[in-house]
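Data block below; observations after.
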Amino acid sequence: MENGGAGILQIRQVLLFFVLLGMSQAVSETGSFLVMEELQSGSFVGNLAKTLGLEVSELSSRGAQVVSNDNKEYLQLDTNTGDLLLSEMLDREELCGSNEPCVLYFQVLMKNPTQFLQIELQVRDINDHSPVFLEKEMLLEIPENSPLGTVFLLESAKDLDVGINAVKSYTINPNSHFHIKIRVNPDNRKYPELVLDKALDYEECRELSFILTALDGGSPPRSGTALVRVMVVDINDNFPEFEQAFYEVKIPENSTLGSLVVTVLAWDLDSGTNSELSYTFSHASEDIRKTFEINQKSGDITLTAPLDFETIESYSIIIQATDRGGLFGKSTVRIQVMDVNDNAPEITVSSITSPIPESTPETVVMVFRIRDRDSGDNGKIVCSVPEDLPFVLKSSVIENYYTLETERPLDRESTAEYNITITVTDLGTPRLKTEYNITVLVSDINDNAPTFTQTSYTLFVRENNSPALHIGSVSATDRDSGTNAKVTYSLLPPQNPHLPLASLVSINTDNGHLFALRSLDYEALQGFEFRVGAADHGSPALSSEALVRVLVLDANDNSPFVLYPLQNGSVPCTELVPRAAEPGYLVTKVVAVDGDSGQNSWLSYQLLKATEPGLFGVWAHNGEVRTARLLSEREATKHRLVVLVKDNGEPRRSATATLHLLLVDGFSQPYLPLPQVAPAQAQADSLTVYLVVSLASVSSLFLLSVLLFVAVRLCRRSRAASVGRCSVPEGPFPGHLVDVSGTGTLSQSYQYEVCVTGGSGINEFKFLKPIIPNFLSHSTRREVEENPPFQNNLVF
């Protein structure tokens, strides 16, 4: 188990060692290009496709890009032609200094699949710099007794060019005392020496001057000059000598400024001023003069600038000790810089892919390179990412390059972004580390269907609503994002093919708001249900559905309708009342119905007007008209009653019924003669007509009731499964019953089943159940069916 755990840890944490003597991984291809310095930006370098044996189209399709080691874009790649072009003017002296050859290394990164190719660019030097003397005037003090052939050091000229373009020769003005001899120092740089050809005579000539000219090997050659002044001094015949001809010193690169590096010591056998020595650097480069300083009197060499092992590993310095007479001795000091772990690892990012699609494993998120400028153990590196993240590091075929890839499919709905810390640690003492933070966004794919907040919705709408009324809303959410989460709502085809859903409701496709397209009538439609769908905008689109129930609430929008007596403007129906009727005698019954339901259909009756108040009364709950007291001979024969029928809704609606009553002594008398003055016969004839019309109306009503009763019974037998319904004759309805709201339904249409009951002592006229059209609710039908029969005494 321990070995297995160690193996897993090694997989998750990639260890890369940079070893100086060389462990390198092979690259797929290597190409070399040559370019002269100082060429203009955009100059042609070479064709990368031909050099590496690739197709030009492959460079473009695989997203080839050129990356340099120091993160500078010296080259640009034209993926359409495969040509490498200069991004900027190259200065060889700035890039490589005195190093020759000057070679820049680049990597070509290609994707699909990921491939790394290495190319080299050699920058050739041109003769663009002239030799320059740091000191425009050199002063030499030469004793007059200097032997012939004595050599005197002169300052060398500095030329930033290299190779044949560097300093090649030195010359002086023709003279009889000196000639120039060229030497090569340990750095392979040529420097001039002044050789004495003719003895000097202080008394004859105390000072000589001539021009020193430095020539480089360019074509055409460039030159630089300096003035050499020779001061002839009197007799000083001992040269300074160093105690060591060669000094070797090691110093750590993190040494503090001003610290002592080494002390050189020389002596002169002369005495007096001729033995006083002065220490200086000879033929020192600009780097040496910036980094070190020598005390001219003590010979102490101190540090004046920071050391960097990664830039310069060692320095070779020629120290010259000169006495007052101009004689000098020289020694070489070699300073070896020792590496310390002062450089943290570096991370160079080549490409980052973000966002990355979810549910896609082994996706390359990042390509990067790591390095440590230190050496030895200080340059060995450990690279890792947190183990709790679904990402893994993989090394590439090119040394120091890594790819960060997904280890398993990602789920954006669980984690939409990842903050990844790549940690690179070296093995030096103390250990240094570098962390690189990257935020990787996970892009969405359409893998979640919209979800309604409820599986079913119940909406309540009061009837007689205004068209386009907002009656409610449905809502669905989608866990995806962007267009995949944008939900569109729609009405699904109803399961009941006879339901005109398109004319009843509509839905806002953007927010799910539901609207009633027309005014709803509770008496025609108590409720309906339909399905709504929610679909996202993904590809492919995902959807879900929910059930919506719409219940219509009743409003008191129907006034009571009087069934009996008929109020159709025809010949009024006259009720006959015997004068011998006892108090409480049932004269007739006002029958009315209300198309509403619940308390809106509860009816109450009230006597509104009467020819003789107090003679008749109306029962408030059933509409029965009864005598209130005994009738006398003095009572008028004809009476007119107006009965007010009111419902219990809000606001209350009402209707009136007009009753015509005729007092008679018995049903055998068609009428009673009225004690009136002439012309009595004309009035009697009129009363006879009224009686005949009344009897004919009652007879017609009776016959019609019988026919309706028979028709209803036949209808019930033929439709055993239907309870409380009867077929309705086809034909146009009366105009006052037709709805004019434009909805196409009947707001007030009723059918009634009437029959006559027998076997009682008095004739009972029974107004049975109203046959309500199908749009009434079941509860309303049951309520109407359960009403007790209305009785009306008709005495013939």
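The backbone N, Cα and C atoms fix where each Cβ goes, glycine too.
TrEMBL does not curate its annotations; it predicts them automatically.
Remember, predicted model here, so these are calculated numbers, not experimental data.
The signal peptide annotation in TrEMBL covers 1-26. Annotated domain 'Cadherin' per TrEMBL: 68-133, 134-242, 243-347, 348-452, 453-562, 577-677, in sequence order. Annotation source TrEMBL lists transmembrane segment at 689-712.
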Range from 68-133, 243-347, 348-452, 453-562 with the greatest count of C-beta pairs under 8 A to the domain 'Cadherin' (577-677): 453-562
Tally of residues which DSSP labels helix, strand or coil - the domain 'Cadherin' (453-562): 8 helix, 49 strand, 53 coil
Overall pLDDT for the domain 'Cadherin' (68-133), taken as the rounded mean: 81
Three-state composition of the domain 'Cadherin' (348-452), taking helix and strand from DSSP: 4 helix, 53 strand, 48 coil
Residue counts (helix, strand, coil, in that order) that DSSP gives for the domain 'Cadherin' (243-347): 10 helix, 49 strand, 46 coil
